[in-house]
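Now, the feature entries from TrEMBL:
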- 4-153: domain 'N-acetyltransferase' (DOMAIN)
Amino acid sequence: MATYEVKQATIEDLPELVDIFNQYRVFYRQESNVEQAQRFLFERFEHRESIIFIVKESSSNVIGGFTQLYPSFSSISLERLFILNDLFVREEYRKQGFGQLLLDAAKTYAQQMNAKGLELSTEIDNFQAQRLYEGNGYEKDEAKYHYFLRVRR
């Protein structure tokens, strides 16, 4: 029976992390760009701007999934929160509980940091992800609209 390890990624995991991060971007209809993905992740580690959890199958040491959290704050509640910005599981590892393991790691980390909570968004037609999130207690925000202003062309 396969065993899995969930851990907070470090810069030493960067070579293996770049591949799955690039796959994630391609999944969301971005052009493959391994060099840019590596630079982006290196900068997040270097500047301590995100927290990344990975899940590996112990026997193969291959990263089967990852989630990336960005720290944020609420001026209204005066509390820390985390944006669960990315969650991705390789297709061959789906429906094996990797997504659940990553959500659990993110929740535990947020609790350890005494955060108010975790915030995320997903595509409207990503029903599988919505079921996973709602099954874990995430609630759709029915009270607010989220906007985006592009400032660079």
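First residue shown is number 1, and so on along the chain.
Including glycine, each Cβ sits where the backbone N, Cα and C put it.
Per-class residue totals from DSSP over the domain 'N-acetyltransferase' (4-153), listed helix then strand then coil: 57 helix, 37 strand, 56 coil. Confidence across the domain 'N-acetyltransferase' (4-153), taken as the mean pLDDT and rounded to a whole number, stands at 94.
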